[in-house]
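Please read the structure below before turning to the comments.
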Amino acid sequence: MSNDSTEGTVGSCNATGLTDEKVKAYLSLHPQVLDEFVSESVSAETVEKWLKRKTNKAKDEPSPKEVSRYQDTNMQGVVYELNSYIEQRLDTGGDNHLLLYELSSIIRIATKADGFALYFLGECNNSLCVFIPPGMKEGQPRLIPAGPITQGTTISAYVAKSRKTLLVEDILGDERFPRGTGLESGTRIQSVLCLPIVTAIGDLIGILELYRHWGKEAFCLSHQEVATANLAWASVAIHQVQVCRGLAKQTELNDFLLDVSKTYFDNIVAIDSLLEHIMIYAKNLVNADRCALFQVDHKNKELYSDLFDIGEEKEGKPIFKKTKEIRFSIEKGIAGQVARTGEVLNIPDAYADPRFNREVDLYTGYTTRNILCMPIVSRGSVIGVVQMVNKISGSAFSKTDENNFKMFAVFCALALHCANMYHRIRHSECIYRVTMEKLSYHSICTSEEWQGLMRFNLPARICRDIELFHFDIGPFENMWPGIFVYMIHRSCGTSCFELEKLCRFIMSVKKNYRRVPYHNWKHAVTVAHCMYAILQNNNGLFTDLERKGLLIACLCHDLDHRGFSNSYLQKFDHPLAALYSTSTMEQHHFSQTVSILQLEGHNIFSTLSSSEYEQVLEIIRKAIIATDLALYFGNRKQLEEMYQTGSLNLHNQSHRDRVIGLMMTACDLCSVTKLWPVTKLTANDIYAEFWAEGDEMKKLGIQPIPMMDRDKRDEVPQGQLGFYNAVAIPCYTTLTQILPPTEPLLKACRDNLNQWEKVIRGEETAMWISGPGPAPSKSTPEKLNVKVED
């Protein structure tokens, strides 16, 4: 080779950062590379020259120069030469066992030892295994069992137990170690230097055993210092890089959790996909061949699963197959024990463990070698078990795998909890749909009912009496649907609704009123009649949409009323109170109204434009909500102030809404404006409901207010007096001020107030209050069809 070419080669090496020292250091750590290079690339003649040169030196002794390089207890020079190599090895996931073996080779040179043995902890950290490096051409590193960690056996076991360095000049004469080193060449060994390899946080990871043969000088304290310094440096270096690995793994885990969270919230229905995502990461986390996730059925004391890792891959990702669900007793197997005890189990040999349940292997055709089984705990209870099967790199799962998996198991609990919660929600939705289907069937009128209403004819006498404010629908129960059709046609015109849809709607509304004493179908038609009378006596004041909306709102304003007040539902956390925090029943009534409108053939507003449809629904909503008596007091006060100051303007929508709200209250309370016998009978119905609510409160140990206490029925007249003065009279007074044609309501209310005062005084009240209009006719009534033209 010419000088020019030689210079070019050296320059190239320098450019890449290689130095003679780094190459030598690498070859010291990798003697097999040198062996292969020599055997393949160096001629026999050259080897002979090397051998002749070598015979001039002691064959078993390292050169003084080589020894001195590693005898500095601060590892000056060696650290700098090997640091980048070691970090590179560790950063790329290099085998710590092999790396420590290579470093042990350096320590052997530094201490002039004849040989060494490197031990690592066994599967359960209670035994030692001697490390056998790979062969020159092929083969994998091996760990050969060397016995349990206990005193009274070998020096390595003794040091592992005590975690203290031992320097023994003559091991064969030391009674503490009856088995000596336990190595095959132990009879030639005399002096032993045995050191524990401990991490920076105090965990024992291995034992280095250096020895010298018979006839050699025994190890001394300086050798111990050199070896200790080397191991300390190596332990710190490895720990530092492992910490970095751990941080990288934590970052990876955090990224994974964010990814899974995004997956879950973006596609909440794909629970199987979420579980697959988790199981894939869990496999990679501990380098397992298979993964299984079992959920716990505490009711039946079983474990079950329907998602299985079949060991195949597609585009580099494991395939999970959803099959028929398998179940087995919680009393069986390793997974069963983990589910029962909540303890982590790390089984190095599954078939040697009597707890292993072979049924799953028989079912799947898979052979299980080792298992890492972790409980998934939520709210102090085991809700699932994650089982990692067959460690890929290594003979079994390690303690590090356990620690990493414990951290991951916390998120598994969250994911599994979400999965179970979603499953329950889906199950509840199915029950809900079935229930709604049944409810729909039983709450929709029959064809006979709505067709009968279409053919119904209303007596002429009733048509005349309907126009009166104090008209009582009570005696005409079979005619109530027809009465409402008549009022709709009189107020809004016969073509305002399709007759078939209107009849369907009315009869289904009737069916959805419950059989409670007061808030029932009769009350609905009574309130609708009062609104009809107000609209008829204030003709031209309200739009067509308002007239339609208000009459429908009155008919539906107490739909599905259960006979209990809002305060009762809220006090005892009724589901309706959870749905509607304010105006609970009123919001439910509106919701039921919309539900009926959405039934097939029931949408009486289907001919309206979309904007008109929204308007009429809003009119109905506001009107029904206004029947919440808690809202009445503030509304009436505002209207009274507007009226007194002259600021009330019915062209202002907010003012108009307030007036309509007062009209709804007046209609809802209209029983106080009927003839006295009707008013008194209706009061009995109202109190029947109040007392039923009071009885329920008493059952729960709560004393109801006097109005709801049947034991205080003697206080009813006094209570009515207070109600009239505080609520009814002010309501009709303000309404009369704004809408003067409604004055008959105020007059009738005052007459009934006088009747209650007479009751309190003990006077006879068995009389009818005279009212406008003709007396009921005793003649045979003329028949009129409900479809009356204006």
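Note: Cβ is positioned from N, Cα and C throughout, glycine not excepted.
Taken verbatim from Swiss-Prot:
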type: ACT_SITE; residues: HIS519; note: active site, proton donor
type: BINDING; residues: ARG290, CYS291, ILE334, ALA335, THR368, GLN387, HIS519, GLN720; note: 3',5'-cyclic AMP binding site
type: BINDING; residues: HIS519, GLN720; note: 3',5'-cyclic GMP binding site
type: BINDING; residues: HIS523, HIS557, ASP558, ASP668; note: divalent metal cation 1 binding site
type: BINDING; residues: ASP558; note: divalent metal cation 2 binding site
type: COMPBIAS; residues: 780-790; note: compositional bias 'Basic and acidic residues'
type: DOMAIN; residues: 446-763; note: domain 'PDEase'
type: REGION; residues: 768-790; note: region 'Disordered'
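DSSP assigns GLN387 (3',5'-cyclic AMP binding site) to a strand segment in the three-state reduction.
Looking at the residue listed as 'active site, proton donor' and HIS557 (divalent metal cation 1 binding site), their Cα atoms lie 10 Å from each other.
All protein chains shown were included, and the count of other CB atoms within 10 Å of the CB of ALA335 (3',5'-cyclic AMP binding site) stands at 29. The divalent metal cation 1 site is defined by HIS523, HIS557, ASP558, ASP668, and by the 8 Å test on Cβ atoms against their centroid, the other residues of the chain that qualify are HIS519, ALA524, VAL527, CYS554, HIS561, THR627.
GLN387 (3',5'-cyclic AMP binding site) sits 64 Å from HIS523 (divalent metal cation 1 binding site), taking the C-alpha atoms as the reference points. All chains included, 28 other C-beta atoms sit within 10 angstroms of the C-beta of HIS557 (divalent metal cation 1 binding site). Separating the Cα atoms of ILE334 (3',5'-cyclic AMP binding site) and HIS557 (divalent metal cation 1 binding site) is a whole-number distance of 61 Å. Fewest Cβ neighbours within 10 Å among the recorded positions ARG290, HIS519, HIS523: that distinction goes to ARG290.
Nearest neighbour of GLN720 (3',5'-cyclic AMP binding site) by Cα distance, taken over the binding-site residues HIS523, HIS557, ASP558, ASP668: ASP668. Taken together, the residues in the domain 'PDEase' (446-763) have a mean pLDDT of 95 on the 0 to 100 scale. The secondary structure of GLN720 (3',5'-cyclic AMP binding site), as reduced to three states from DSSP, is helical.
Secondary structure from DSSP puts HIS519 (active site, proton donor) in coil.
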